[in-house]
Amino acid sequence: MGDKKDDKSSPKKSKAKERRDLDDLKKEVAMTEHKMSVEEVCRKYNTDCVQGLTHSKAQEILARDGPNALTPPPTTPEWVKFCRQLFGGFSILLWIGAILCFLAYGIQAGTEDDPSGDNLYLGIVLAAVVIITGCFSYYQEAKSSKIMESFKNMVPQQALVIREGEKMQVNAEEVVVGDLVEIKGGDRVPADLRIISAHGCKVDNSSLTGESEPQTRSPDCTHDNPLETRNITFFSTNCVEGTARGVVVATGDRTVMGRIATLASGLEVGKTPIAIEIEHFIQLITGVAVFLGVSFFILSLILGYTWLEAVIFLIGIIVANVPEGLLATVTVCLTLTAKRMARKNCLVKNLEAVETLGSTSTICSDKTGTLTQNRMTVAHMWFDNQIHEADTTEDQSGTSFDKSSHTWVALSHIAGLCNRAVFKGGQDNIPVLKRDVAGDASESALLKCIELSSGSVKLMRERNKKVAEIPFNSTNKYQLSIHETEDPNDNRYLLVMKGAPERILDRCATILLQGKEQPLDEEMKEAFQNAYLELGGLGERVLGFCHYYLPEEQFPKGFAFDCDDVNFTTDNLCFVGLMSMIDPPRAAVPDAVGKCRSAGIKVIMVTGDHPITAKAIAKGVGIISEGNETVEDIAARLNIPVSQVNPRDAKACVIHGTDLKDFTSEQIDEILQNHTEIVFARTSPQQKLIIVEGCQRQGAIVAVTGDGVNDSPALKKADIGVAMGIAGSDVSKQAADMILLDDNFASIVTGVEEGRLIFDNLKKSIAYTLTSNIPEITPFLLFIMANIPLPLGTITILCIDLGTDMVPAISLAYEAAESDIMKRQPRNPRTDKLVNERLISMAYGQIGMIQALGGFFSYFVILAENGFLPGNLVGIRLNWDDRTVNDLEDSYGQQWTYEQRKVVEFTCHTAFFVSIVVVQWADLIICKTRRNSVFQQGMKNKILIFGLFEETALAAFLSYCPGMDVALRMYPLKPSWWFCAFPYSFLIFVYDEIRKLILRRNPGGWVEKETYY
């Protein structure tokens, strides 16, 4: 990313520089070595194409360029992560509360002889809450990153280099520019190489380009684009078969792969939606607290309190507004969901990403391995002049065809014999489809198909011994082998051949029909052409098969076949049939795509594969739904040129990467706006990033799936990047926020559902927690305004927030989803907030007020039973709290000492506390749902039922446990005092059920606009 040190002076400059770097990286790969001759390349890098570099020269270059490795992405130091948990977001609010408490205690200690320790305790408790929850969240995230660490394979990689004419193994990190390197099948390419010689070399570029077919490598320049040409192999791709020798033209971060990794680590990562929500919520709560505090500060000054008293009141009100237990609740909710998702194969790297998935409105998915099974499978055969369907299901429950036909027997023989793939050893008791194969994708597909339908291929090969073979090469486009036949009476050799269908057909004079050879006439050629086009149009890779029995008189037993200078016939053969292969969709994907559609999520396919294949899979999994046409489909139907079709008539579209290169941002925006179903084919990594940015410009929250290194910039840029756990590369796993352990697209949909559920349940938890703020604040306000004895003390407020309310609030995280969760549109992050005005108005203005009434009712009942009628309480505060007054008269003329008065007051605190617990029962039950009736939802949440019992038991314990009067100033209550709040609790339940009934009967009406949070 350039040297950052000298940019410290002006942050603006470095921002501009980063943007420029990113724009450079977004441009396609610039490279010229593939157009130079071998001699020019050797001259440019001062090397010899036979001897290689000298040892001293190699050391010199290594010192100059540094090791051949990718710079690891900058990691956040652990202490910074810990501090973020301690001082980030919600914790700040509690820290401010704690500091204010210490301040208030300081003021009291300085001005009073015998200050009450309440504020000191409160401050200590608040600080403890933050530290404990901070440690908890830090531990959770550290656990996820431990799993991440274990993904990194620590095996140092070796490379075979030629220096001073000798072959030597060196650590891949020591390879330098100009080195002569040899690679063979099974090796990882150690750097970007310009090939100077190759023998049957094929490389798997899928982690770079997304192209799943192995690509041939040769010394010739075949394309202007370095990613497409055959004479360059790239760092960290795999060599599948053959051998090659090349000159290193780039190492480390300067390789194509290195540029992509740099591109990923240089991207700005925005805040997660839930972080923005929590910030918004803190601003709201702080606003309410400060507004109330300041109003009553002014009011108490008007009422004649001293400055110091007014400041203490101000602090008291602000602290009473802080929901102490909420930080822990949010953390626990996110953790629970992350655990639940891990059970469903989604590993979440950072807790906040859990919710991001729920607000996703667009998923850009990779095709290979995510939507498909990532194993080529035979899908169709054409023999006896008809197309037969093969079984592509994962459990072989699909269709079958007539296996007794003689033509099929011949076809299966060719496919099994003219095939170099073999099963790896020791897998006899593993199902055929799950076995590992040594060989390329198409050959393994044929091997598995024949093994399943015709029995052991190994036996077939033993019975028909191979005597000669011409491997596949790109000039003749066929593969041929010659075998002895298994019939002991037949001494002829059997020649079998497979390859590109049109090339195979050109070499044939006859065709096998119902086991008999017929002449290959024009009619049959047309039938072949139609079948070939039909299978090709399904996006399948088609191969042709033919055979020929070599006449015994020309080729007697023991004939020496020469495969270099061919001494046998390769024309006038007998055409047997076609077989076509596809990487079939995963079983659960179509259903998952359907769920996304009903949840209002747009699924876009982005792949490096061919447009026809991409479109076929998109139709197969429902990304392009039935009846929706692309521009090409409409043109074909109406028989007019594509240019005459109005693109707006087509709901679906397939866009080729080469066209995307020339698009402006406006054109990309237009495509994203006008088409509901989009497939991008033949895209490069840089284009993937452009697509993600385009979606984000539309205001979408974008999830991106990918497994290759090529996907990492897009994974990083997206709101949530989803990497593949099995097939994914290390770079993609580092860039992602979430990892699918089973590589299955369907797991993403589970993730979306969990994400929406956590958002709903957090809303419910917050609504539940905030409601009890009103019965906690109002006693304080009346205490100031009406000058009555304090109805509820600070310690009791803490017992509610950190005691009785905790388990019920967390239990809402276990609440099952409401029926409409996957039928809603994705939430709009600008308007649909976690905590909105309606939630505040419900919690504070409606339910909270009923709760406060219940508490005051208990308070007045107890004081009246003790002789202080409500009318006499107003204005009694100064005398009540004065230690020197020991003869205060009640409404009946009895005299009360200071100690006696305080016992009654603390009994009132306890009763007020118990009343809040009783009304919170109803609040918890109504918070289970936002729209459904509680009777619809049922009481299946066992944790919630436990929560109800737990808070009641805790309240009873605090009231009746001996010694509580000293420790927490809680006193035992008469049983009848528990029932004071029951009617209010019932009222809350009825009130809310009626509100939800109106919501359901009259969607979009006034009640919904005002009260649906």
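Any Cβ shown, glycine's included, is placed from N, Cα and C.
Checked against Swiss-Prot, the range among 363-382, 683-702, 763-782 recorded as transmembrane segment is 763-782. Taking the topological domains listed in Swiss-Prot, ASN46 lies on the same side of the membrane as ARG930.
Looking at SER37, SER144, SER405, SER732, Swiss-Prot tags one of them with phosphoserine, and that residue is SER37. Residue with Swiss-Prot feature phosphoserine, selected from SER218, SER712: SER218. If you compare SER137, SER412, SER442, SER976 in Swiss-Prot, the phosphoserine annotation sits on SER442. Mapped onto DSSP classes, the topological domain 'Extracellular' (857-908) shows 28 helix, 4 strand, 20 coil. Touching of the transmembrane segment (311-328) and the transmembrane segment (122-142) is concluded from the presence of at least three CB pairs under 8 A, sequence neighbours closer than 6 excluded.
Nearest in space to SER933 (phosphoserine), taking C-alpha to C-alpha distance over the recorded positions ASP366, ASP707, ASP711, is ASP366. The average pLDDT the prediction assigns to the topological domain 'Cytoplasmic' (143-278) is 82. Ranking the recorded positions SER37, ASP366, SER442, ASP707 by the distance of their Cα atoms from the Cα of SER265 (phosphoserine) places ASP707 first.
Among the recorded positions SER56, SER218, ASP366, SER442, TYR548, the residue whose Cα lies closest in space to that of ASP711 (Mg(2+) binding site) is ASP366.
DSSP classifies SER218 (phosphoserine) as coil under the three-state reduction. With a threshold of 8 Å between CB atoms, the same-chain residues lying at least 6 positions outside the topological domain 'Extracellular' (961-975) that come near it are 793, 795-796, 799, 903, 906-907, 909-911, 913-914.
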